[in-house]
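**Student:** I'd like to ask you about the structure that follows.
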Amino acid sequence: MTIALGKFTKDENDLFDIMDDWLRRDRFVFVGWSGLLLFPCAYFALGGWFTGTTFVTSWYTHGLASSYLEGCNFLTAAVSTPANSLAHSLLLLWGPEAQGDFTRWCQLGGLWTFVALHGAFALIGFMLRQFELARSVQLRPYNAIAFSGPIAVFVSVFLIYPLGQSGWFFAPSFGVAAIFRFILFFQGFHNWTLNPFHMMGVAGVLGAALLCAIHGATVENTLFEDGDGANTFRAFNPTQAEETYSMVTANRFWSQIFGVAFSNKRWLHFFMLFVPVTGLWMSALGVVGLALNLRAYDFVSQEIRAAEDPEFETFYTKNILLNEGIRAWMAAQDQPHENLIFPEEVLPRGNAL
């Protein structure tokens, strides 16, 4: 597309058409209408994260050091959530908490809400970008549909879960070690690993990795030898029009291995799309359930028997005790303002409940 220069005719001077022509023209980096949402939001989200991990402390919200300036490294630095006392405040820079003071805003955890909200809209903008480009080149929108999986997980974990709890404080902070701590929190307080939605998510992600490895290896194994090169990258012509591997050979191979095999490429690739995306959707649905404090599987009969019989123990009862230990330690550590003091009789001991 090009922009017409000179005097516009009656049909050409519409501002929308001018903007559409400029936004969607063919260039090295496509902008598009989705770019109006994607690029500013991604810029602010990444900029806020780099600023927070470099300079901003979490002393006032978590009692922690969380920046490179304080001695953290890439794995331990984080943009931390606001304090529990700030509940679900958007923590706008000009709001009643910070009152326009940038330093105070950073100390209160304003960068977390800034990064979380801009990050969510950046991800949505990226999905819209895939929709827009697919429509422009007349493709179906399955890329965008697939990307809805990561968006669902991000929104459920960083936004919906803390909205269901008492504040942003209970969302993950943006950092590697901080995410690990959040995972331990999920296990201790929600028994997340025994949640069926988590199980479906694990099956989806690991199943997708297996499918990806099998698919890649099978295609490599059945490449036509179109050249005399010994390796994959020299054994075919990158400009050839015809197919480079044999679906028939692959089908025969896996039919002999498993007794069943994919009979056509559409079903094969749809399955590779379906498995991970469904797993991510199920995980997101499970986190929404946790926001409402829905419980995972409870095997109460085993708990009662373990409490009555010191010689009876299962991996389940051991994990329940581990969860109690996590809760007893994390609650007092993470929420000192609650003055949580646990008497000895409520702390885990042996295999009794």
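Heads up, residue numbers simply count up from 1 along the chain you see.
Using N, Cα and C of the backbone, Cβ positions are placed for all residues, glycine too.
As listed in Swiss-Prot for this protein:
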MOD_RES   Thr2  phosphothreonine
MOD_RES   Thr2  N-acetylthreonine
TRANSMEM  41-61  transmembrane segment
BINDING   His118  chlorophyll a ChlzD2 binding site
TRANSMEM  125-141  transmembrane segment
BINDING   Gln130, Asn143  pheophytin a binding site
TRANSMEM  153-166  transmembrane segment
BINDING   His198  chlorophyll a PD2 binding site
TRANSMEM  208-228  transmembrane segment
BINDING   His215, His269  Fe cation binding site
BINDING   His215, Phe262  plastoquinone binding site
TRANSMEM  279-295  transmembrane segment
**Student:** Using Cβ-Cβ distances, find the residues under 8 Å from His215 (Fe cation binding site) that belong to the same chain and are at least 6 apart in sequence, listing them in sequence order.
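**Tutor:** Leu268, Met272 - these are the non-local Cβ neighbours of His215 (Fe cation binding site), listed in sequence order.
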**Student:** In the three-state scheme derived from DSSP, which category covers His118 (chlorophyll a ChlzD2 binding site)?
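**Tutor:** Helix, per DSSP.
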**Student:** Count the other Cβ atoms sitting within 10 Å of the Cβ of His269 (Fe cation binding site), across every protein chain shown.
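**Tutor:** The answer is 14.
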**Student:** Cα-Cα, whole number of Å: His198 (chlorophyll a PD2 binding site) versus Phe262 (plastoquinone binding site)?
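**Tutor:** Between the alpha carbons of His198 (chlorophyll a PD2 binding site) and Phe262 (plastoquinone binding site) there are 28 Å.
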**Student:** Select one residue from Gln130, Asn143: among these binding-site residues, choose the one with the most other Cβ atoms within 10 Å of its Cβ.
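**Tutor:** The residue with the densest Cβ neighbourhood is Gln130.
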**Student:** Could you measure between Gln130 (pheophytin a binding site) and the residue listed as 'chlorophyll a ChlzD2 binding site' for me? Cα positions, answer in whole angstrom.
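**Tutor:** Cα-Cα distance, Gln130 (pheophytin a binding site) to the residue listed as 'chlorophyll a ChlzD2 binding site': 19 Å.
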**Student:** How many Å separate the Cα atoms of His269 (Fe cation binding site) and Phe262 (plastoquinone binding site)?
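**Tutor:** Counting only the Cα atoms, the answer is 10 Å.
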**Student:** For the transmembrane segment (279-295), could you work out the same-chain residues 6 or more beyond its ends whose Cβ comes under 8 Å from its Cβ atoms?
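**Tutor:** Contacts of the transmembrane segment (279-295) (Cβ under 8 Å, skipping residues fewer than 6 from its ends): 148-150, 152-153, 155-157, 160-165, 186, 190-192, 195-198, 200-205, 207-208.
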**Student:** Using DSSP with the three-state reduction, classify Phe262 (plastoquinone binding site) as helix, strand or coil.
**Tutor:** coil
**Student:** Cβ distance under 8 Å to Phe262 (plastoquinone binding site), same chain, sequence separation 6 or more: which residues?
**Tutor:** Asn251, Trp254, Leu268, Phe271
